[in-house]
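Below you'll find the structure I mean.
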């Protein structure tokens, strides 16, 4: 099983080599083998005697992350869809993509996606699942942006990336919470601990996170907006990713976790509510589209909403219907996308307003499209699979348990009506899609290419899918016991038996279907009369606009916020730095009650010290207020010499000497640079700026005083200076304690201080000597 | 003229004083740092009195090289302690009998201080000369 997952990824490494020969042989022919082999590998698992298969490989045992793969009915359905439709799509793409395209890149991305998708549906370990989940997002991003020279492709790719990765990250949050609560990373073991999860305080958070992940991936309302823009991808990609596989990853996730969640009424409320809303909104919006793939995109959205709603119902019959519809939708939607691609390929346009009357020119495509679209609409014909799942949908929407939550109960009562409403629009857009393209007037002069029937190779894949539609439609019980029943069992956790029959007798679901057909046909025929409704709903209110405005706003506002404090003014930065130091230190001081003040440890002071200190203080104040720069330099010197005087008074001869000489040198340097120093002119500064400066500087001075006083007042340990005094002679061999400390006890400090001096000198030398003229360059 | 005459005198006094500060550092106020600063003050005085060209012919010293030499001496004395199986920067001292001066104490810390001394001279002279040479 692990090989089945990684074969596409491994094979992707050889695709670039094979694509070198693309002029002679189309790269897709090599690639075609891979999904076909996988499909053949998984086919034998179908059967009424199916038992889940489990394999495990160590990956990161210390984090309890291992490559656990679990094949049950649910995974089997998806695996067969992925590999089967994957093979058909590859076959289709051989004829769809010209050899002048970047075939190597295309098939590498496609195989990457295939691996990722197989990994998602087979993983039992939540983190492995998440890894594959993100790989689907990335490969989908690459595929949507395949024609990267187009603006629309890049926009669509970015949009889908942002939305699905947003959901993916929230999924990760949910999975981490699940892991923390249950203490395991295996999904099956989590399901075994359902009560622990249900009773945990994080339950609602987990549910919200996982639902966000699933809804964004499966294009549920209001995250559906990326899917129509993803139609910029090549059509095989749209057929594969955006109808059959990736958009069902969210469905898969909900189905996979539904044994845990479906006992909660919130599960019904959220999943079914969002699903039914998506169904109605998607089908309503699909009628408005003029692009063939746009119609199909919104149709996918609405069908996904329908599956989601059925999963939310949580009854056995509903789950069975959902599993059945996953299969049905993949067959007819994949074929419809391929036919849309054929139409695009053979006429040069996908705009339904320019198309029409293609039935006689492209009879095979037209026939296939009729079957696909009628199946999608759920027309009551005994050879179309869409009808069965639609009628099951109506059936289960009527047979819901009465929930206790008021909102859930309201939803339960509204669901049948909403289901019919959504289905009416589904009928309308299906008819619109097929009749708008293949019947009516011909506009041959408006088409860029003269239309003709597609090559036979291109028609094989949709034909096989339509064959599936008809076979399942004629013999629905063929896939029932052996296949779909296992899927439903895996989702619900209970044994499911169901017999699919076409004719139930005169029961409500049939009347609902008839209502759908009658109203749908009426609405389709008179569609010109009511299209003005779209001017009011949604009118200007589009979620695309919300998204665009959000993304733009994010950029402009973050730029504004950054520019508001990063204004390149050093003064501003100094204010910010000092201000935050003041703020945080004050807060720490107050919150830890750190201020202390004792007078019992103070030394006496003489009048000399007071005089020196006063002189220094006065000099410092003068330095601030003087307008003359020579005066400022000299007065600053007074402070320095005062300091060395203080050193003498406090009996630190080495310091005094050094301070004296250093002060002299600094003064000399200041005077050397005299001409380069800025003029001390009074600046035109606002009073606010000056007051801020004043407050900041006074605050900082105050703060430092407080810190100094407090630290002096709270001595917790004996100073270590006694050791130096006692040992400087014995150990260091000198009487000058300061010097012995500098060169002996703490020599390493001195070593690096002289290194600092050396670097400073070299830097000055470099700055002065290596000065390039900007003009000379 | 007065400046030059006095400089001849004062420069030697300064040199002497700085060397005294340097050597006495271990037991009296002073040391490599202040000694180096004093020496460079003396050299600077000569620069001011005699001009750039004259001093460079008398004292053909590359001060940037002096920085490297000083750092090298300092590092070497610190690494030297490894030879005797001691940790980095272990210092030791011994009393020697020097014929003329009598019994004297010599510490390896003095060698380290010599490194400091040279570095400080090099640094201060480099800075001042570079800035003074500019323009």
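Cβ coordinates are placed from backbone N, Cα and C, and glycine is handled just like the others.
The following feature annotations were taken from TrEMBL:
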- A:60-107: domain 'NADH-Ubiquinone oxidoreductase (complex I) chain 5 N-terminal' (DOMAIN)
- A:123-408: domain 'NADH:quinone oxidoreductase/Mrp antiporter transmembrane' (DOMAIN)
- A:614-679: domain 'MrpA C-terminal/MbhD' (DOMAIN)
- A:693-769: domain 'MrpA C-terminal/MbhE' (DOMAIN)
- A:29-46: transmembrane segment (TRANSMEM)
- A:77-97: transmembrane segment (TRANSMEM)
- A:104-122: transmembrane segment (TRANSMEM)
- A:202-227: transmembrane segment (TRANSMEM)
- A:239-260: transmembrane segment (TRANSMEM)
- A:266-287: transmembrane segment (TRANSMEM)
- A:355-379: transmembrane segment (TRANSMEM)
- A:414-435: transmembrane segment (TRANSMEM)
- A:456-475: transmembrane segment (TRANSMEM)
- A:602-625: transmembrane segment (TRANSMEM)
- A:632-650: transmembrane segment (TRANSMEM)
- A:656-675: transmembrane segment (TRANSMEM)
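Can you tell me where each of these features sits in this structure?
Within its own chain, the transmembrane segment (A:77-97) is flanked in space by residues 4, 26, 28-29, 31-32, 35-36, 38-39, 42-43, 46, 71, 103, 106-107, 110, 114, 117-118, 121-122, 234-236, 239-240, 244-245, 248, 252, 323, 326-327, 330, 334, 338, 341, 345, 454-455, 457-458, 460-462, 464-465, 483-484, 487, which lie at least six positions past its ends and keep a Cβ under 8 Å from the stretch.
Here the transmembrane segment (A:104-122) has long-range neighbours at 1, 4-9, 11-12, 15-16, 18-19, 22, 27-28, 31, 34-35, 38, 69-71, 74-75, 78-79, 82-83, 86, 89-90, 93, 97, 128-129, 131-133, 135-136, 138-140, 142-143, 146, 234, 236-237, 240-241, 245-246, 249, 252, meaning same-chain residues at least 6 beyond its ends whose C-beta is under 8 angstroms from one of its own.
If you look at the transmembrane segment (A:202-227), the same-chain residues 6 or more away from its ends with a CB under 8 A from one of its CBs are 133, 136-137, 156, 159-160, 162-164, 166-168, 170-175, 177-178, 181, 242, 246-251, 253-254, 257, 261, 264, 266-267, 270-271, 274-275, 277-278, 281-282, 297-298, 300-301, 304-305, 308, 543-544, 546-547.
Listed by sequence, the residues of this chain that lie at least six past the ends of the transmembrane segment (A:239-260) yet keep a Cβ under 8 A from its Cβ atoms are 74, 78, 81-82, 85-86, 89, 92, 110, 113, 117, 120-121, 133, 136, 140, 143, 167, 171, 187, 190-191, 194, 197-198, 210-211, 213-220, 227, 230-231, 233, 267, 271, 296-297, 300, 304, 307-308, 311-312, 314, 319, 322-323, 326, 329-330, 333-334, 336-338, 341, 490-493.
Only residues 6 or more beyond the boundaries of the transmembrane segment (A:266-287), in the same chain, are considered here, and those with a CB under 8 A from a CB of the stretch are 204, 207, 211, 215, 219-221, 224, 254, 258, 294-295, 297-314, 403, 405, 407-408, 411, 414-415, 418-419, 421-426, 428-429, 432, 527, 538.
Within the same chain, residues 292, 299, 303, 328, 331-333, 335-336, 339, 342-343, 346-347, 349, 385-387, 389-391, 423, 426-427, 430-431, 433-434, 436-443, 447, 451-454, 459, 462-463, 465-466, 469-470, 473, 513, 516-517, 520 sit at least 6 positions outside the transmembrane segment (A:355-379) and bring their C-beta atoms closer than 8 Å to a C-beta of that stretch.
Long-range Cβ contacts of the transmembrane segment (A:602-625) within its own chain (Cβ-Cβ under 8 Å, at least 6 residues beyond either end) map to 631-632, 635-636, 638-639, 642-643, 645-646, 649.
Cβ atoms under 8 Å from those of the transmembrane segment (A:656-675) belong to residues 629-630, 633-634, 636-637, 640-641, 643-645, 647-648 of the same chain, restricted to positions at least 6 beyond its ends.
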Please average pLDDT over the domain 'NADH-Ubiquinone oxidoreductase (complex I) chain 5 N-terminal' (A:60-107) for the predicted structure.
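Value for the domain 'NADH-Ubiquinone oxidoreductase (complex I) chain 5 N-terminal' (A:60-107), mean pLDDT as a whole number: 87.
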With Cβ-Cβ distances below 8 Å as the criterion, list the same-chain residues six or more beyond the ends of the transmembrane segment (A:456-475) that contact it, or say none.
85, 88-89, 91-92, 94-96, 327-328, 331-332, 334-335, 338-339, 342, 345, 364-365, 368, 371-372, 375, 381-388
Sort out the residues at least 6 away from either end of the transmembrane segment (A:414-435), same chain, that have Cβ-Cβ distances under 8 Å to it, and list them.
272, 276-277, 279-280, 282-284, 286-287, 289, 292, 295-296, 298-299, 302-303, 305-306, 309, 336, 352, 366, 369-370, 372-374, 376-379, 390, 393-394, 397-398, 400, 512, 515-517, 519-521, 523-524, 527
Do you know the DSSP helix, strand and coil residue counts for the domain 'MrpA C-terminal/MbhD' (A:614-679)?
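Helix, strand and coil residues of the domain 'MrpA C-terminal/MbhD' (A:614-679) number 56 helix, 0 strand, 10 coil.
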In the domain 'NADH-Ubiquinone oxidoreductase (complex I) chain 5 N-terminal' (A:60-107), how many residues does DSSP put in helix, strand and coil?
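Output for the domain 'NADH-Ubiquinone oxidoreductase (complex I) chain 5 N-terminal' (A:60-107) reads 32 helix, 8 strand, 8 coil.
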On the DSSP side of things, how many residues of the domain 'MrpA C-terminal/MbhE' (A:693-769) fall into helix, strand and coil, could you say?
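For the domain 'MrpA C-terminal/MbhE' (A:693-769), the helix, strand and coil counts are 65 helix, 0 strand, 12 coil.
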